[in-house]
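Data block below; observations after.
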């Protein structure tokens, strides 16, 4: 143990040296809100030793110094921003006023990004943060400052995601305050930042929507007076305008009334005392005259003094200064606007002369040190003496009742004697107010004298000031003494004058900025920090004006807007709506409300208000017209939309939510050349999802009608088809076609529109999203989710895919569930897509929507389920013919194209019937699935080993359903007689099938084996090969079991299996897994029938992917399978033309196997066989399986069939293309394996990237 500890000690020591790194000091990036603040803070922390250098912004310098942080010396880099660095804005798609419906701005995506003017600041932060280990935020300690701090954090963490972030909390920029903040670093408050984000987004959405609507409308209606004006709306601006407009309307509506009152005067030695009538005034002159006659009834009227009262009187000193009071004092005493006052105060704060000017607190805490601040002012020539008196009294502030728990009241932080202009005036106001609030009240005495004349009461008062106290320094308050004669109780005197005086009522005065700020604070409009901004904004808009004496009057347009909102009975002009929102913001800061919930609720309220505006907009038109004296334009009613909005021509029309970004809707937009249409995401450029409509679609528009299948939010698309061919395809003789892209499979297939561009489909892009089947000779598992599930990669029954589509019958043979039949033989389900499985005997269910009785219950998925369009459901049910062929003229004379495409001609049944006798192991029983999380694991959950053994050994299967009793007879007999499928590759065709019957004698039956189970852990196995599973491939050099590998390199052999030497010092052994060894080849060449050749692919056996491939490989294979339902083979133009013109027999009738005249059809699907004629059974319901190419020699028979056989490429594998001698090889895409483009320009590149 001692030896162990001895060895462990140096490791611990080295670890401590690595972690602590005491030789290197920490380096912090400090960021302030303004350059002046950064300069001052750097100077205070460094004792004036900070070194200045330039940043990318010429207005924001960088300062380097050292300072102790939490007891350890650290390197400091101080810089600054210039207020908000990021701006919230709509995406580019919403910038054009004329093409965007204002209503859509309530839900349009917004993005917060750094403005172009602030890029140099951003670059400075990015450069400096790279060499720092910590970030300290020194912005103002309020909501806005916290939000600016998080903007800084976002920029810095984009460069260094794990950087430590700290918050410096301070209320003044003094040496004591900033050093204390540096030693008591905290964390930023995300709640305050969230409150600002909510307010910013709501103001942006509501302001932009209503502003655009009323601006475009009023400009159109009144082109002479408002053509070039912006008629803006703001949730704080309009209520603020309402206060001014209401006062102005009160004055307009005021009617003056005359009144009369009795006045009594008593003069002694040039001192006149006026006694006020207890009745004040009367509006009835006759009654007032009667009272006067009553007082004068006696020839010598005498006044009797009833009481003389003397009581002390105090004039209260002011409470500490907060932001609102400073703005009001600046307006009333300094005649400065609120905006000017706040701008000057912020400058004084950044220079360190006063504390933070944005505060709601008007009380000093008991712990606040007032004496040093007062003593600091004793050296001033104007108020230094009074400050000394306050020191002698002891500072005693008169506190108010408000506190924001963040900042103290506004107070001076240091003496300033060299300020000039308005800065000196504002600084003087702050200092005098501070000294006054911590001094004493003024003290005096008030005398009240009550007299009686003939029963009428009169009163006079006087004031004597004993101690002025705070009035000596606070020159903004006046308290004048009022002298009065000496009176005693019971004294009688003769009044000098008793007379009747006439007056009239006057209207209330216009509002001043101080009055307006008081009203905004009372009703909760804005905050102490935003009052000045709101007032200044409506001034700049021209909604209000300022008269010479500072009185505010509404402008012409401002009054029209207020009256218009009032006529519409709209709450937007009232303060209640905004006051509720301001209260919610406070609750967000306190953590009592969710920001997202508040934003959603407020947007819903403003949506209702917007709807009310559009419904009653004519009321505003009338009010605006009356105020500006202009008649609305005559043609405006014709041009405007139904809701009073601008003309809809050119408006971008939203269709449904983008499935890729889920942040903005897809919208119908004209192409740049105005020659067509496309559907693009409004979240561009962040989302580049787009669907380019073909040129055949003319006059496209978006209907208000929603899709009945997809539901609300999915609007229908309407356009006119320009060509007769597509009119016939879609069954619209008039050419007008209405569709919903997510559920119209026919439209997407016809014009090659990717499903994932219009619908959220999940990880594997495409319609077929089933899971894979089982490995080896087991039954295939059903795929979960919408789309078809693939069956087993090898033999075994294919399980039906749960959800909207069926499962393919398996890459080998098998009894398929619903969906497409297998690429091999067996009783696989017929048709691509959602067709039901084929009954024994070649019967196929026509219905595409009804599930098989034994289909497993679908597994729930998150993807939205969209049923197919009713108009195209039958066409998407799985008929191969509906995709590749159209009826010949002889058969389509009585039936239109619509009827033909809606029919099931049994072509897929013919293909499956022709492949029934392929030699592959199959099991005539569909194993029920249990829904599991893993689709493949669900397919192999059932323990069916006993059934599998009984099937392979020819035993009897237990009867469980009617479907089990209707097994294909030929398949059952073949299973009992032979087991050659394990020795030979699976082929699909006619001549190959015939050759298999005579190639070799039937080997003895093999002992039954347990079905291999799928390993849920190890999935990196390989596809099945031509080598039987019971045999082991030995290396020819070392005679050891060879190692099986898969080709990973892109090319014609991608995914192909091969064997090589397993030893590290490999020998030269190599063998393809899907090709027999050289001995087998030579034996086959001498003893077996020759293999037939077809025009599809090469002659070699095609290998198939294993069920145990990785998920990514299986996803790519599925995508390749979805992209092409047939194999693309390079053909020369000459041979293609020869096939199109050659017909067998030149007029001879072709009969099918059931004795009827065969139907002559033509391949319509794009591909090497497009336009090629062929014959098939005319019976669509019960096809005999007859098929024959029309351009091939009759003597060739079925051996020349290009459908099926092992030459056909299975989905998911990229096979070498057969190149004819008549033409060169055409280059293909490395992703989708189609010609005409490369992988860089592949239209499906995004699918394969996933």
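The backbone N, Cα and C atoms fix where each Cβ goes, glycine too.
Counting only same-chain residues at least 6 apart in sequence, those with a Cβ under 8 Å from the Cβ of residue 1154 (Zn(2+) 2 binding site) are 1177, 1179, 1184, 1186. The Zn(2+) 2 binding site annotation in Swiss-Prot covers 1152, 1154, 1177, 1184.
Swiss-Prot lists 769-835 with the feature compositional bias 'Gly residues'.
Annotation source Swiss-Prot lists compositional bias 'Low complexity' at 866-886 (among others).
Residues or ranges marked as compositional bias 'Polar residues' by Swiss-Prot: 956-965 (among others).
Taken from Swiss-Prot, the feature compositional bias 'Low complexity' covers 1022-1033 (among others).
Annotated compositional bias 'Polar residues' per Swiss-Prot: 1079-1101 (among others), in sequence order.
The feature compositional bias 'Low complexity' is assigned by Swiss-Prot to 1106-1134 (among others).
Annotation comment: Swiss-Prot describes 1195-1220 (among others) as compositional bias 'Polar residues'.
Sequence annotations record features per position, and here Swiss-Prot assigns domain 'Toprim' to 27-171 based on sequence analysis.
What Swiss-Prot records for 189-610 is domain 'Topo IA-type catalytic'.
Here Swiss-Prot flags 769-899 (among others) as region 'Disordered'.
The region 'Disordered' feature in Swiss-Prot is assigned to 953-1035 (among others).
Look at Swiss-Prot and you will find 1069-1150 (among others) tagged as region 'Disordered'.
What Swiss-Prot records for 1188-1231 (among others) is region 'Disordered'.
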Checklist entry - So, by DSSP, how many helix, strand and coil residues make up the domain 'Toprim' (27-171)? => result 51 helix, 45 strand, 49 coil
Checklist entry - How many other Cβ atoms are found within 10 Å of the Cβ atom of residue 1184 (Zn(2+) 2 binding site), counting all protein chains shown? => result 21
Checklist outcome for this item: Across the domain 'Toprim' (27-171), the model's average pLDDT, rounded to a whole number, is 93
Item to check | Residues that sit under 8 angstroms from residue 1152 (Zn(2+) 2 binding site) by C-beta distance, when 6+ apart in the chain | outcome: 1158, 1175, 1176, 1177, 1178, 1184, 1186
Checklist entry - Taking the Cβ of residue 1177 (Zn(2+) 2 binding site) as centre, how many other Cβ atoms lie within 10 Å? => result 23
